[in-house]
Structures are given as structure tokens and as C-alpha cells.
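Annotated in TrEMBL:
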- 724-737: compositional bias 'Low complexity' (COMPBIAS)
- 60-325: domain 'G-protein coupled receptors family 1 profile' (DOMAIN)
- 436-699: domain 'G-protein coupled receptors family 1 profile' (DOMAIN)
- 724-744: region 'Disordered' (REGION)
- 45-69: transmembrane segment (TRANSMEM)
- 81-102: transmembrane segment (TRANSMEM)
- 108-133: transmembrane segment (TRANSMEM)
- 154-176: transmembrane segment (TRANSMEM)
- 208-231: transmembrane segment (TRANSMEM)
- 270-291: transmembrane segment (TRANSMEM)
- 417-445: transmembrane segment (TRANSMEM)
- 457-479: transmembrane segment (TRANSMEM)
- 494-515: transmembrane segment (TRANSMEM)
- 535-557: transmembrane segment (TRANSMEM)
- 586-607: transmembrane segment (TRANSMEM)
- 680-702: transmembrane segment (TRANSMEM)
Amino acid sequence: MAFQQYHYDGFQNMTVYDKARPEMLDLIDVHWKQFPPMNPLWHSILAFVLFLLAVVACSGNFIVCYIFLSTKSLRTPSNLLVVNLAFSDFMIMFTMCPPMVYNCMQETWVLGPLACTIYGMCGSLFGCVSIYSMTAIALDRYNVIVKGLSAKPMGIAGVLIRILIIWVLCLAWTIAPVFGWGRYVPEGNMTACGTDYLSKDWISRSYIIAYSFWVYFLPLFIIIYAYYYILSAVFAHERNMREQAKKMNVASLRQKSNGSSKEQSCEAKLAKVALMTITLWFMAWTPYLVINWAGIFDLVPISPLSTIWGSVFAKANAVYNPIVYGISHPKYRAALYKKFPSLACNVGPDDTLSTTSGTSVNPNRFQFKMINPGPMMSYQYGGGAWGNNLTVVDKVTPDMKHLVDVYWAQFPPMNPLWYNILAFFLVVLSIVSCCGNFVVLYVFLTTKALRTPSNMLIVNLAFSDFMIMFTMCPSMFWACLKETWTLGVLGCQLYALSGSLFGCVSIWTMTMISFDRYNVIVNGLSGKPLTMGGVALRLLFIYSTCTFWAIMPLFGWNRYVPEGNMTACGTDYISQDWLSRSYLCAYSFFVYELPLFLIIFSYYHILKTVFAHEKSMRDQAKKMNVTSLRSSEENKTQSTEAKLAKVALMTITLWFMAWTPYLVINWAGMFQLAKITPLFSIWGSVFAKTSCVYNPIVYGISHPKYRAALAKTFPSLVCGQTESDSASTASGSTGDAQSVVSSS
């Protein structure tokens with residue numbers, strides 16, 4: 001595989017040293033002359049990963065800073081340490097990721113010696129500030145929990161002095177290499193700069209050793225020390241509570257309302273917090289230590305590829321720090337919900353449950369999701385590496401040429417960067433989707449309470465989505481690595497057949513789920529309930545219909561051909577003969593337009609029925625001179641109409657997003673509505689496959705009874721508490737709109 005082949009044949013006898021700019025050569029150690037340039041694939045993957053990390057980290061840390069500073073109740077001394085941590089993490093990504101991404105695209109450092117020094121200083125300064133801010137947070141928690149009331153509370157002046165000491169200390173370590181104690185040089189991958197760990201002189205070695213002690217070993221020791229005594233204090237307190245309860249002949253001194261007696265013990269929760277904090281810190285900064293010490297003491301050979309990991313792991317720290325120290329804070333989540341309700345996955349808990357960040361000993365579980373809406377980085381379409389006269393058709397293997405339309409001969413090959421990005425994206429999608437759908441299948445099929453007729457439709461949806469990714473992603477990933485389809489004509493036909501069959505099954509299964517909900521809510525008691533026989537007939541209809549549409553191109557009604565990007569196969573939308581056009585028109589109607597119409601029709605009447613029901617309840621309450629017929633707890637929650645409207649809108653929108661790109665590409669091709677490029681042909685496949693990731697969430701994992709079963713079967717996969725089984729019913733077979741909302 002190309003990932004494992006270190007030497008890149010395109011450079012022949014070149015080394016990483018030879019690719020460096022002339023003005024950078026005096027900063028590069030002769031050690032790197034023995035290594036050939038890294039495979040361009042690694043540079044592309046690194047650039048893509050850094051781009052994603054930068055977007056997520058900058059967004060997350062900026063929001064943390066904004067929320068803490070703009071919410072008066074959060075502007076406490078302890079929380080200023082969290083703000084300082086978020087600021088340093090933001091600056092790490094803001095100052096370092098853009099230069100590194102640009103250098104990855106150039107495959108060497110091109111910004112000159114001054115920028116190299118500034119880059120190294122930024123990494124050292126903000127990384128050191130981040131480390132010591134986490135250390136100060138650990139000491140603050142130690143002061144509050146271990147010393148308790150005997151401790152002197154930290155005031156604004158105290159925290160400002162701590163922050164000042166952090167910045168002064170870190171600045172001293174940062175500027176030392178500028179004045180000759182060590183130096184900043186390009187790392188082996190030539191896309192980043194850092195401390196010189198290859199020079200054997202005592203000045204360079206002494207700096208690395210001293211820096212390691214003050215910026216790694218000492219903070220790590222302090223963090224472990226603080227959490228050890230925090231755990232000891234909490235364990236002793238809990239033991240005293242249990243002994244006191246024993247003397248009073250009661251089970252526990254804690255309040256047991258709302259099922260709190262079933263919650264995890266305080267010791268176990270705090271042990272998890274401590275273990276997570278220490279482990280994440282260790283994972284983030286240890287790779288850099290290992291690389292530096294391996295260099296100064298010649299412990300192991302260091303290759304250019306191995307130098308990547310220190311930078312990647314340290315920058316990943318800036319992504320999860322705002323989650324660990326900021327977003328997990330209950331009061332912060334409540335403020336986030338008020339200012340950015342679209343970013344909050346659930347309503348923040350009551351403020352009375354939290355304390356200032358860094359002093360809470362019982363942190364709640366959390367969920368955080370952020371969508372990256374940004375456009376992809378720009379690129380030049382006709383990559384110069386292929387020459388000016390080579391086309392995308394010239395790269396096709398001889399046995400496939402008769403399937404490739406001459407239309408594609410006008411386009412040069414896609415930039416290799418896009419193949420690398422697509423391959424990486426497919427790996428992530430396939431792993432997440434296959435795992436998610438497999439878990440949905442396993443839980444539904446092994447839990448007796450979930451084996452209802454309606455849920456068999458969800459099982460079928462999960463199976464079809466699993467098969468889409470399992471049968472298609474490996475082939476497409478391999479083609480991306482080879483930058484063209486190499487699995488032959490038969491492989492192309494089987495690939496397209498699988499995509500058409502299981503894609504069609506997925507679409508019609510979602511349509512049947514909508515119909516089932518329509519039958520239960522709109523028809524109500526007058527509707528015939530779905531039985532096992534009924535669901536079996538529906539599944540038989542789905543598979544027979546979809547098999548018909550899938551095999552037709554094998555018998556001459558259209559055909560399966562490579563798509564423009566040459567990494568996937570699908571229906572022929574370029575040929576202008578009536579036979580090909582008629583198939584695409586009929587297929588579009590029966591597999592896109594008709595299902596979309598039925599889904600919209602179902603949810604329209606579902607919403608109409610629920611709105612009418614809610615209106616009649618309000619009218620009845622008015623006649624009875626009461627505010628509402630619902631309980632006070634139900635009145636505090638969002639209205640049923642609003643919840644169900646969100647469910648309907650989400651279902652239709654996600655369906656539309658997943659399958660519309662394919663329709664647009666097919667119709668643009670057969671009716672020549674727009675010029676279709678190889679790059680443009682990628683998006684239909686990508687958007688369709690993403691539906692396999694969120695379908696198990698929308699139709700399976702959001703089901704309350706499923707989550708309860710998931711908590712029993714795979715407790716490590718549950719992010720929060722599951723709802724009581726009494727609050728839910730089978731998905732899609734509920735008796736009223738409220739339960740459909742909860743299960744959808």
C-alpha cells in the first residue's frame with residue numbers, strides 16, 4: 001500500500017535536504033540527508049487533518065472565551081484560568097496551523113528562516129502557557145477540595161498574578177533559543193519548526209533537558225500530585241459519610257429523589273475525571289518529549305515521518321481542552337444554550353448543580369457537536385505533476401477504456417490532493433458508519449422488547465446502510481490510492497450494482513418508516529396496526545423493486561460505467577441515446593421523486609393532525625378555565641408541534657441533502673444542463689455515503705428504548721443517561737405524536 005512505501009519514486013535519489021530552500025539549508029541538520037522525501041500522500045493527509053483541527057479548535061476555544069467573558073456569573077477567578085487556557089489553545093492553532101498547512105502543500109518549509117523562528121517561538125510560548133494553565137487549574141481544584149474551608153480563596157488579584165507568572169516564565173523559555181541557548185530549526189518533515197534536538201553540543205542538550213523538566217516533568221508531577229490528594233480527600237469524605245449513615249441505620253445520607261441513588265458514586269466519577277485529565281495531558285505532550293529525547297541521546301533513529309506525530313498530538317490537545325475544561329462546565333452549557341442555542345445539544349442543567357470551573361468535584365457528562373461549514377481549500381485543477389497533455393482517460397487501465405465516455409477526454413487528471421482527501425474521508429465515514437449500523441443491528445436484534453414490526457424497518461435501514469459502506473468504500477478507497485479504477489469491468493459492475501441496490505433499499509425503507517408513522521398518528525385507532533406479516537410484505541416489495549432497478553443496466557437498459565473521477569462506478573448519464581435517458585428518467589421518478597413526495601406527504605399530514613390535536617387541547621383548557629391540560633413539567637418543555645416540526649424538517653432535509661447531488665449530476669449529464677467535471681462527479685457519492693452515518697442516529701440511536709438497551713449492552717458507548725422505558729415506545733409505532741418525537 002502507498003501509505004507504507006516510504007520512498008516516493010517521483011523523487012528518485014532526492015532527499016528531504018535537497019527539497020529545502022537554499023536560505024534554510026544552514027538550519028537543517030545533516031542527519032536528514034539520509035532520508036528521501038516523504039510520500040506526498042502524507043503531506044496531503046497532514047494538511048487536511050490540520051485544517052480540520054484548526055477549524056474545530058479555533059471555533060471551540062473562541063466560543064469558550066466569548067461565553068466566559070460575556071456571562072457575568074462565569075467571570076470568577078477560577079474561570080479566568082480556563083479563559084487563559086482557551087486563549088493559548090486558540091493562539092496555538094491560529095498562529096501555527098496556516099503556515100504548516102501551506103508548507104504541507106509545498107512539501108517543504110518555504111517561508112524563510114525568520115518565519116521559522118517565529119513559528120517555533122509561537123509553538124513554544126503558547127504550548128507552555130497551555131501546559132501551565134492546566135497545572136494551575138489542577139492546583140486550584142486541590143486548594144478548594146483538599147484544603148476546603150481552611151484554604152484561602154483565590155481572588156482576582158491572585159489569579160492575575162498566577163497568569164502573569166505563567167506568561168513570564170513561558171516567555172523566558174521561548175526567547176532563550178533566540179539568544180543562543182538552543183535554536184529553532186525545521187523539523188524532519190520540513191513543514192514545521194521546533195527546537196533543535198539533533199545537535200550534540202552541550203548548549204543544545206542542556207536546553208532540551210531543562211525545558212523538559214520545567215515544561216513537562218514538573219507540570220505532570222504537579223497534576224498527578226493534585227489529583228491524587230483530591231481523590232484521597234473525596235474517598236475519605238465518602239467513607240465517613242457511609243460510616244455515619246451506618247450509625248444512623250440509614251442506607252445513605254444523600255438525597256434519593258429523582259433516582260439520584262442510582263447514580264454513579266462520587267469517587268468513581270471523580271476518578272474518571274482525574275484519569276481523563278492526566279491521560280489526555282500525557283497523550284498530548286509525550287510524543288514531543290520522546291522525539292526530543294530520542295534525538296539528543298540517540299535512543300532510536302528518527303525519520304521525517306516520525307516527527308509529524310509530536311505536532312499532531314500537541315495540536316489535537318487544543319481541540320479537546322475546551323471540552324474538558326470549558327464545555328463540560330454545567331453553567332457554561334447553560335450560557336451556551338442562551339447565546340448559541342443551535343450549538344447546544346440539550347438544555348443546560350440547573351445552575352445550582354455547578355460551581356466555578358476547576359472547583360467542581362462532580363462534573364456532569366456532556367455532548368458537544370460542531371459542524372464545519374467552511375469551504376475546502378483551493379487548488380489548481382490541472383496538477384502540473386501530470387504534464388499538460390495527459391487526460392483523466394489516459395490513466396484508465398486498458399480493459400476499462402471501452403466503458404469510459406469520450407466526454408471525459410477533455411479533462412486533465414484531478415489534483416492528487418483530492419484523491420488523498422477523498423480516501424481519508426472514506427476511511428472515516430466507513431469506520432463510523434459500519435460501527436454505528438452494526439451496533440444498531442445488534443442491539444435491536446438481541447433485545448426482545450425492540451423486536452417489533454415497526455423496528456424491523458429500522459433494522460432493514462441499518463442493514464442496507466451497512467452494506468453500502470461495507471461493499472463500496474474499500475473499492476473506492478483503493479481506487480483513490482491508485483487515482484483510477486483498477487478492479488476491472490466485473491468489479492465496476494458489482495460496485496455499481498451494490499450502490500444502486502442498497503441505496504434504493506435505504507431510500508424506500510425510510511419512505512416506509514414515514515408511512516408507518518403516518519398510519520399510527522394520522523389514522524390513529526382506525527388504522528390497521530403493522531404486523532410481522534405486514535412488515536415482511538413491505539420488505540419483500542422493497543427488495544424486489546430495488547433489485548429490478550439495480551439489474552436493469554446489466555440487461556441493456558442503460559449501463560454501469562466509471563464516473564468522471566474514475567474512482568467509482570455508476571449509471572451512464574453522459575450517453576445521449578434515448579435508452580439511457582429513459583432509464584435515468586424512470587429511475588429518478590421511482591427512486592427519488594416518488595419517495596420524496598411520499599415522505600413530505602406523510603409528515604405534512606402528521607404535522608397537520610398534531611397541530612389540530614394541540615389546538616383542540618388548548619380550546620378545551622380554555623373552556624375549563626385552566627392554563628393547560630398538560631402537567632406543569634410538560635408545560636416547561638418545548639411544545640409538541642415545535643418538536644415534531646423539527647423532526648419532520650430534519651428528516652426531509654437530511655434525505656434531500658443525501659440524494660439530491662446524485663440527481664443533479666445525472667440530470668445535468670443527460671440533458672447537458674451544465675458542464676460536469678471529474679471533481680464535480682465526486683460529490684454525489686460523498687453526500688450519499690454520509691447518509692449512512694447519520695441514519696443510525698436519526699432512526700436508531702435517538703430511540704429511547706434503544707438507548708436503554710445500548711446502556712445495558714455497551715455501557716461505554718452511552719454518553720448520557722437513558723430515558724426510562726416507560727417514556728418511550730417502539731420507533732414509528734407510537735400511539736401519539738409526543739412519543740414519536742422522543743423516538744425520532
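Don't overthink the numbers, they just go from 1 along the chain as shown.
The backbone N, Cα and C atoms fix where each Cβ goes, glycine too.
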Could you check whether the transmembrane segment (45-69) and the transmembrane segment (417-445) come into contact, where contact means at least 3 Cβ pairs under 8 Å with the two residues of each pair 6 or more apart in sequence? yes
At least three Cβ pairs under 8 Å linking the transmembrane segment (208-231) and the transmembrane segment (81-102), pairs spaced 6 or more in sequence? no
Taking every residue in the domain 'G-protein coupled receptors family 1 profile' (436-699), what is their average pLDDT? 85
Please report, as numbers and ranges, the same-chain residues at least 6 past the borders of the transmembrane segment (154-176) whose CB is under 8 Å from any CB of it. 77-78, 80-81, 84, 121, 124-125, 128-129, 132-133, 136, 140, 143, 182, 207, 211, 214-215
For the transmembrane segment (586-607), the distant same-chain contacts (Cβ-Cβ under 8 Å, at least six residues beyond its ends) come to 503-504, 507-508, 510-511, 514-515, 517-518, 521-522, 545-546, 549, 571, 641, 644-645, 648, 651-652, 655-656, 659, 662-663, 666-667, 737, 740
Stretch in 81-102, 108-133, 270-291, 417-445, 535-557 most in contact with the transmembrane segment (494-515), if contact is a CB pair under 8 A: 535-557
Do at least three C-beta pairs under 8 angstroms join the transmembrane segment (417-445) to the transmembrane segment (108-133), pairs 6 or more apart in sequence? no
Find the member of 81-102, 108-133, 270-291, 680-702 that has more C-beta pairs under 8 Å to the transmembrane segment (457-479) than any other listed stretch. 680-702
Grab the same-chain neighbours of the transmembrane segment (270-291) for me: Cβ-Cβ under 8 Å, and only residues 6 or more beyond its ends, written as numbers and ranges. 127, 131, 134, 138, 194, 197, 212, 216, 220, 223-224, 227, 230-231, 234, 302, 306-307, 309-311, 313-314, 316-317, 320, 324, 361-363
For the transmembrane segment (81-102), could you work out the same-chain residues 6 or more beyond its ends whose Cβ comes under 8 Å from its Cβ atoms? 46-47, 50-51, 53-54, 57-58, 61-62, 64-65, 68-69, 110-111, 115, 119, 122-123, 126-127, 129-130, 133-134, 136-137, 140, 159, 162-163, 166, 191-192, 311, 314-315, 317-318, 321-322, 325-326, 329, 357-358, 377
Sort out the residues at least 6 away from either end of the transmembrane segment (680-702), same chain, that have Cβ-Cβ distances under 8 Å to it, and list them. 418, 422, 425-426, 429, 432-433, 436-437, 439-440, 444, 458, 461-462, 465-466, 468-469, 472-473, 476, 499, 503, 506, 510, 513, 563-565, 567-568, 570, 650-651, 654-655, 657-662, 664-666, 710, 731, 743-744
